[in-house]
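S.K.: The structure is given below, and queries will be raised subsequently.
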């Protein structure tokens, strides 16, 4: 059993879009679809809405505490690599606050940053050699899948609709936050948000060119991704406006 908690594991290495990776993604997507299908039940029955909210909140808190505890127990926690400064980390902590406070304003931001970062994290994981059923694999997809499902749940349960203004604010935040993290990286000698170099394990950044070119390419991809996330609501607004004319 201990082998599934080792930091330096000798078990099978993770492979992107392997059978287990694909099944994990499908499982998370199916839960998201179920949330959408349950939107009327969430609206009508408080116990369902509150039960799912507490379950997601518990998942994120337990997974995050578990991850840092795992690093500390194995003497692998480091200021250079373990601070929650990646964009996906910000999304995790803001999702916890959003669920605690049922804050719709945070959802305006997290719809783009949280949903976008969690999708990217799940499609191109940076978990090195850790494959299922290793603790790191389960924790990674629990926490990023949890952020994804938080956003879907809040949309379904509270009938949230993003705006073009919230899109612009989210994009501006990423760039300002990225500038701050760049300075922190210079100070600590770290590589948070992969602003100093690409991750060793390989990622989608590998196709975007060399440093620092890939940073500008990534910024444009993020903006395009935000607009793609906004399209369903834009089309819905057009349909509503058209039906009124």
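Cβ coordinates are placed from backbone N, Cα and C, and glycine is handled just like the others.
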S.K.: Looking at 85-102, 193-210, which one does TrEMBL call transmembrane segment?
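M.R.: Result: 85-102 is the stretch TrEMBL calls transmembrane segment.
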S.K.: Spell out yes or no: are there three or more C-beta pairs under 8 angstroms between the transmembrane segment (85-102) and the transmembrane segment (214-235), with each pair 6 or more apart in sequence?
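M.R.: No, these stretches are not in contact.
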S.K.: Taking 50-73, 137-157, 164-184, 214-235 as candidates, which has the most Cβ pairs under 8 Å with the transmembrane segment (20-38)?
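M.R.: Top-ranked stretch among 50-73, 137-157, 164-184, 214-235: 137-157.
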S.K.: Who are the long-range neighbours of the transmembrane segment (214-235) in its own chain, taking Cβ under 8 Å and residues 6 or more past its ends?
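M.R.: Sequence-remote neighbours of the transmembrane segment (214-235) are 111-112, 115-116, 120, 161-162, 164, 167, 170-171, 174-175, 195, 198, 205, 208.
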